[in-house]
Amino acid sequence: MDLKLLLISTLLGVFCYSSAQKEGNECISANAKYCGECIQAGAKCGWCKDPEFLKQGETVSTRCDEIQSLRNKGCAEDMIENPRGDQTVLRDKAVTNRDITQIQPQKISLTLRSGEPQSFTLKFKRAEDYPIDLYYLMDLSYSMKDDLENVKNLGTHLMLEMSKITSDFRIGFGSFVEKTVMPYISTTPAKLLNPCTGDQNCTSPFSYKNVLRLTSDGKKFNTLVGQQHISGNLDSPEGGFDAIMQVAVCGDLIGWRNVTRLLVFSTDAGFHFAGDGKLGGIVLPNDGKCHMENNIYTMSHYYDYPSIAHLVQKLSDNNIQTIFAVTEEFQPVYKELKNLIPKSAVGTLSANSSNVINLIIDAYNSLSSEVILENSKLPEGVSIAYTARCKNGVVNEGENGRKCSNISIGDEVRPERDCVWKAVQKNKSETIKIKPLGFTEEVEIVLKFVCECDCHKEGIPNSKHCHFGNGTFECGACKCNEGRVGRQCECSSNDVATEDMDRTCRKDNGTDICSNNGDCVCGTCECKKRENPEERYSGQFCQCDNFNCDRSNNKLCGGHGRCECRVCICDYPWTGSACDCSLDNSTCMASNKQICNGRGICECGTCKCTDPKFQGPTCETCPTCPGVCTEHKECVQCRTFGTGEKKDTCERDCSYFNLIKERDANDCWFYYTYAVNNNTEKEVHVVETLDCPAGPDIIPIVAGVVAGIVLIGLALLLIWKLLMIIHDRREFAKFEKEKMNAKWDTGENPIYKSAVTTVVNPKYEGK
């Protein structure tokens, strides 16, 4: 089955000249003086090479802007320089099921434009029957004595089990204990020869020993391991990191091939790491090099233990996948270590290592089913971000974006990546490599950087366009030689501030140099740039700008035009100093289809009523109109309700207008409007609902009801007052009666006793 895995990497590269990221319009902020500098500012930036593009007062850097902005400013499409990146596959050998080629393509060349993504796809496929090298590194301290007995037969048994996975399997063996100077500093020589207690016969301690180079002879493995003897150590942690470092870097001695490399690290104790060597007087950091003589590590007394980061680097560089086979007691420690070492696994070792074969098989299956991409050291300023789309729609991002799990033999992994760059000085190509961890196959990516425009090749050195050959005419502008300045390199940099040149930069003697909006360079004003890139000064003396025009509704030129040299150029149909006056009179049309109801004029889309009696948006409202209302009142009344002074002469006197009658009523107020339609006919509109007062018969009824309610209220109030008086009198009488029945004087407390006692002495006679 095919595995659809998408890994997207973003390669952020190096600016050719500046690594600073500008805010806002990065093209304008770059202040580019030539085309190459412009295109490095960002992917959206282009350069107009039209020699006639610049207006008076504009600097050369105005040629650099976003592509659409250049078009809007009038630069023709064929005059815009906007080079793009590309890619070329240089080596593309197909992956196969029974071949060591597992990744495709093998070499790609990318030409990167600053800020522009370049996408390419990789294919990774796990091959069947892939060769495996396994090196078994064992702790031979005394606590591992019973484990050694089980490992002595490991070779042939492991060969048999691994043959189910691959037909090409090799196995090797090494052992470690501890640095000879660490816990034995004050120990007697006899103790060093036999570090075990009691009558146990142990070999002398050692740091690391390569017992058997990788071989396909399982019986030889059993024989040599059977000849090993347990040693001893006086402290708990072991020197396993020294051994792992030598196994990783001594590839020729171990016999590693360019195949799957497995290192099984078996122990029942912890580990020493960088800095612990000081306990034995060792201060030199581990150099990460091979120091083996006669298959024994000879510099353990000279170099400190390696750090975890140093081990990670060396294991990764040499494509070694580590399996930590440790006892249950030390599982937490080695699981934390596993999190720091990519492509590593931890298995629980039984007390006597009897389960070591199953542990190795399970750990190998776990490691080989996971694909983790790793890249080599990136050039300065370059970074890669990954996104992986794995099986079952799982999407991994960030650090997890480098990997996918549950990959079976024959599955295809298709990593797709986007490369984008931003850069420091970079005039030569760079090469990076991407590979799946634990495998030797890799993709070589050659990075080339677009640092110049295509028109750069057509530059004319010492061109006559650049003031007698003082510069190179390139991409429509002069690139001045050293020491020369000006649009045409017409001045020496030492002469740019002379008083004579300043005179030509003043409109008259009473004005500032370049209107205080620019600098006088070689007698020509070069206008300053604004913080807002959309705002700019222009003109021979920088006297013009595009942001100081009249405003309407807090918008420049009312939002209906553009500002040129402080004057609004209005879009149709707008006019006025702030483009706030519309020539469209549709908003002045009244309901009778007359402009302003025939009683006003339309100015800037708004009616200005000429008849003082009328008002409103279209001069149709007449709130008072006293003359009109008095003039037609009787006619409207008689024609609408058949009442009023003219009810008898209504037909004769009141037929001069058309009446639109809605509803009849009697003895009510009524309201109407008077107007003249397009046919010059007079029309009166009467409201549908009349304002009628209450009838005369209802008044006595309402008055009677109100009076009744008032009388009832007064009666209830009097009854309540009478009841309260009776209640208060009864309570007062009851109080007086109880007062008369009191049994003690109200001035004394009947339970009071004085604290003073008087005793009379019978013998006292007053003398």
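Glycine is no exception: its Cβ is also placed from the backbone N, Cα and C atoms.
From a predicted model like this one, the values you see are computed outputs, not experimental measurements.
Feature annotation from TrEMBL assigns signal peptide to 1-20.
Across the range of the domain 'PSI' (26-76), the DSSP-based residue counts are 19 helix, 7 strand, 25 coil. TrEMBL lists 26-76 with the feature domain 'PSI'.
As annotated by TrEMBL, disulfide bond applies to C27-C453 (among others). The Cβ of C27 (disulfide bond) lies under 8 Å from the Cβ of C38, A41, G42, K44, C45, G46, C64, D65, E66, S69, each of which sits 6+ residues away along the same chain.
Summarising the annotation, TrEMBL assigns domain 'Integrin beta subunit VWA' to 35-453.
Taken from TrEMBL, the feature disulfide bond covers C48-C64 (among others). There are 28 other CB atoms within 10 A of the CB of C64 (disulfide bond), with all protein chains counted.
The local packing around C202 (disulfide bond), expressed as other Cβ atoms within 10 Å of its Cβ over all shown chains, amounts to 19. Annotation source TrEMBL lists disulfide bond at C196-C202 (among others).
Under 8 Å, Cβ to Cβ, and six or more positions away along its own chain, C480 (disulfide bond) finds C466, N470, G471, G486, C489. The annotation disulfide bond is assigned in TrEMBL to C480-C489 (among others).
For C505 (disulfide bond), the number of other Cβ atoms no farther than 10 Å from its own Cβ, over all displayed protein chains, is 23. Annotation source TrEMBL lists disulfide bond at C491-C505 (among others).
Within its own chain, C525 (disulfide bond) has G57, C505, I513, C514, S515, G518, D519, G539, Q540, F541, C542 as residues 6 or more apart in sequence whose C-beta sits under 8 angstroms from its own. Taken from TrEMBL, the feature disulfide bond covers C520-C525 (among others).
As annotated by TrEMBL, disulfide bond applies to C565-C596 (among others).
What TrEMBL lists as disulfide bond is C570-C579 (among others).
What TrEMBL lists as disulfide bond is C581-C588 (among others). When Cβ atoms from all protein chains are considered, those within 10 Å of C581 (disulfide bond) total 18, not counting its own.
Per TrEMBL, the feature disulfide bond maps to C602-C607 (among others). Around C602 (disulfide bond), the same-chain residues six or more apart in sequence whose CB sits under 8 Å from its CB are N585, C588, I595, C596, K608, listed in sequence order.
The disulfide bond annotation in TrEMBL covers C609-C619 (among others). Here C609 (disulfide bond) comes close to C596, R599, G600, Q615, G616, C619: these same-chain residues lie at least six apart in sequence, with C-beta atoms under 8 angstroms from its C-beta.
Per TrEMBL, the feature domain 'Integrin beta subunit tail' maps to 629-697. Regional average pLDDT for the domain 'Integrin beta subunit tail' (629-697) in the model is 67.
The 10 Å shell around the Cβ of C635 (disulfide bond) contains 21 further Cβ atoms across the protein chains shown. If you look up TrEMBL, you'll see C635-C692 (among others) marked as disulfide bond.
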Sparsest-packed of the listed disulfide-bonded residues (C489, C491, C565, C596) - C-beta count within 10 angstroms: C565
Length of the line joining the Cα atoms of C579 (disulfide bond) and C565 (disulfide bond), in Å: 15
Densest Cβ neighbourhood among C520, C570, C619 (disulfide-bonded residues), 10 Å radius: C619
Most crowded position, judged by CB atoms within 10 A, among C48, C579, C588 as disulfide-bonded residues: C48
Of the disulfide-bonded residues listed as C565, C607, C635, the one whose CA lies nearest the CA of C581 (disulfide bond): C607
Nearest of the disulfide-bonded residues (C48, C491, C565, C570, C635) to C202 (disulfide bond) - Cα to Cα: C48
Residue among disulfide-bonded residues C565, C570, C607 with Cα closest to the Cα of C491 (disulfide bond): C565
Spatial neighbour of C48 (disulfide bond) that is closest, considering only the disulfide-bonded residues C520, C570, C607 and their CA atoms: C520
From disulfide-bonded residues C453, C520, C607, C635, the one whose Cα lies nearest C565 (disulfide bond): C520
